[in-house]
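Listed in TrEMBL:
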- 117-126: compositional bias 'Basic residues' (COMPBIAS)
- 131-152: compositional bias 'Basic and acidic residues' (COMPBIAS)
- 153-162: compositional bias 'Basic residues' (COMPBIAS)
- 178-192: compositional bias 'Polar residues' (COMPBIAS)
- 202-211: compositional bias 'Basic residues' (COMPBIAS)
- 103-155: domain 'Signal recognition particle SRP72 subunit RNA-binding' (DOMAIN)
- 92-211: region 'Disordered' (REGION)
- 1-20: signal peptide (SIGNAL)
């Protein structure tokens, strides 16, 4: 089918390019001639094979058929290209036709100084207990113990217990009977007894004045 023929033509053109790259000009010309026999003159593959055949014949022994391909290629090439002098084209500097690269604008000295002023050096944050002057301190020997078994953690618990012993105003002291039972002393109120004593003293003084 058409797809199979196109695939065969593409394989032949690729093989011809590989042979030309390796310097096997006779094999490259032969493969290009096969493509010319299988394709139509209006197809792009035909023109590519025609150029390849003429190029290969310039490096190998050319035949009458190669001369025919050269004449056909000259007819296909536009007239303005044929009028170009190949020696003059080779003498031209390639870099003159290359696009120029735009120079990157460099920051001025004032901008560079302003950026330096903006950047402030931050002081390094060292871990707790680390001295940068003595970086080779021995490691904590208790680093493998759980936190609850370390000396610093026990000291913190001891301080919390000592802070909780005083208690707030009206709080029950730990260890007393009120703290254990939850009830206050059931005896008579001291405030009532003191008030009764003051009343008896006042009545005695009044009796003494009547005499």
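Backbone N, Cα and C define each Cβ position, glycine as well.
Per DSSP, the compositional bias 'Basic residues' (153-162) is made up of 10 helix, 0 strand, 0 coil. Residues 147 of the same chain sit 6 or more residues outside the compositional bias 'Basic residues' (153-162) yet have a Cβ under 8 Å from a Cβ within it.
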